[in-house]
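What Swiss-Prot lists as compositional bias 'Polar residues' is 272-299. The disulfide bond annotation in Swiss-Prot covers CYS94-CYS105, CYS118-CYS138, CYS152-CYS155, CYS217-CYS225, CYS238-CYS257. Taken from Swiss-Prot, the feature domain 'Cystatin fetuin-B-type 1' covers 25-139, and the record attributes it to sequence analysis. Summarising the annotation, Swiss-Prot assigns domain 'Cystatin fetuin-B-type 2' to 150-258. The N-linked glycosylation site annotation in Swiss-Prot covers ASN37, ASN137, ASN271 and is backed by sequence analysis. Among the features that Swiss-Prot reports, O-linked glycosylation site is placed at THR292, THR295, with the record citing experimental evidence. Annotation comment: Swiss-Prot describes SER320 as phosphoserine. The region 'Disordered' feature in Swiss-Prot is assigned to 264-306, 366-387. Here Swiss-Prot flags 1-18 as signal peptide.
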Amino acid sequence: MNVLLLLVLCTLAMGCGATSPPQPAARPSSLLSLDCNSSYVLDIANDILQDINRDRKDGYVLSLNRVSDAREHRQEAGLGSLFYFTLDVLETGCHVLSRTSWKNCEVRIFHESVYGQCKAIFYINKEKRIFYLPAYNCTLRPVSQSAIIMTCPDCPSTSPYDLSNPRFMETATESLAKYNSESPSKQYSLVKITKTSSQWVFGPAYFVEYLIKESPCVKSEGSSCALESPGSVPVGICHGSLGEPQGNQGKIISVTCSFFNSQAPTPRGENATVNQRPANPSKTEELQQQNTAPTNSPTKAVPKGSVQYLPDWDKKREGSQEKDPVETFPVQLDLTTNPQGESLDVSFLFQEPMEEKVVVLPFPSKEQRSAECPGPAQKGYPFILPS
């Protein structure tokens, strides 16, 4: 009995002296795949798209066609979640300077369609009422001309970014001259052409969209008026057309213009946040601008977004060496390539004077997305759905 007791005591002593094996380093929590058609996901997609449109200074408002992928990365307790969304989008007829919500804008008719994809990283902290877009990238391209001809052979031939044809500039200048001649007092000048197309309707016809700015001149001053200041900003957008029917020596010119809301949009800082009501907004914006300034620390740099435009897919195929090239949208958005993730400083979003960081992961590929993704499309034409 004494021998048995001695063995037990020795065993316990050896166990107490032993050290536990080293534990593996903590790994970030895995991404959760979300249902692309759930109201929860669609609400977040709406906020993301509103912020993307609000951040842009050029181009047209983008509308949601469908959610292609949605992931959630839950952070430590009290820090909310980071979301990784891939959105299929369509261009609308509203210019971004109009500050119109995408839900109030009509998408372009089929032969004028511009479609594409946006990837976005979005931060939500419901407890602190913070909705914040740190990064996004979008890639767009016009609908294939061969698809238009096959579907609607009589539709106008769109060349949305082609300014090489001098007739487009002629259409813009002459239609604006017509508008100024009919304006009772104010005069306007051309800023830039934003969209072009042409069609044969009993003769050539040209269509343009262009931004205008207000001239300090009034009609009564005529040629005695000095040139407008170079710093003036666009105040509206015009749609002009010029037609030359066969057998008619004259030109048929038409023009309509709409003006942007003169009231400046609500300040939201250098990067947009939604539904955040800090106690001292000016301090929050100041901190936000400091945080977005270039620094030597990648964890404190908050990137902006961009929108790139690709040529018509037909032109892409013409220059390809492949027999049947597959259409792709090279939308890249990676704040890090480290599979373990890196920290992103979001302290400036919080009212409390403390350091707050979230873990950002490499943007996920679509291979791991939910079976409920992509969601149903608002416009299901195969020609305007990114593959």
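Glycine too: its Cβ is placed from the backbone N, Cα and C atoms.
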Problem set entry | Residues satisfying Cβ distance under 8 Å from ASN37 (N-linked glycosylation site), sequence separation of at least 6 | VAL67, GLU372, GLY375, PRO376
For this session: Find, among the disulfide-bonded residues listed as CYS105, CYS118, CYS138, CYS155, the one whose Cβ has the highest number of other Cβ atoms within 10 Å in the structure shown.
Result: CYS118
Seminar exercise, completed: Smallest Cα-Cα separation from CYS105 (disulfide bond) among the recorded positions ASN137, CYS138, CYS152 is shown by CYS138
Seminar exercise, completed: ASN37 (N-linked glycosylation site), DSSP three-state class -> coil
Exercise. Say you check the Cα of CYS118 (disulfide bond) against those of the disulfide-bonded residues CYS94, CYS152, CYS155; which is nearest?
Worked result: CYS94
Exercise. Among the disulfide-bonded residues CYS152, CYS217, CYS257, which residue has its Cβ surrounded by the fewest other Cβ atoms within 10 Å?
Worked result: CYS152
Problem set entry | When distances run from the Cα of CYS257 (disulfide bond) to each of the disulfide-bonded residues CYS94, CYS152, CYS155, CYS217, the nearest one | CYS94
For this session: With DSSP as the yardstick, break the domain 'Cystatin fetuin-B-type 1' (25-139) down into helix, strand and coil residue counts.
Result: 26 helix, 55 strand, 34 coil
Problem set entry | CYS94 (disulfide bond) CB neighbourhood, other CB atoms within 10 A | 23
Seminar exercise, completed: If you measure between the CA atoms of CYS138 (disulfide bond) and CYS94 (disulfide bond) and round to the nearest Å, you get 17
Seminar exercise, completed: Looking only at the disulfide-bonded residues CYS152, CYS155, CYS217, CYS238, ASN137 (N-linked glycosylation site) has its closest CA neighbour at CYS238
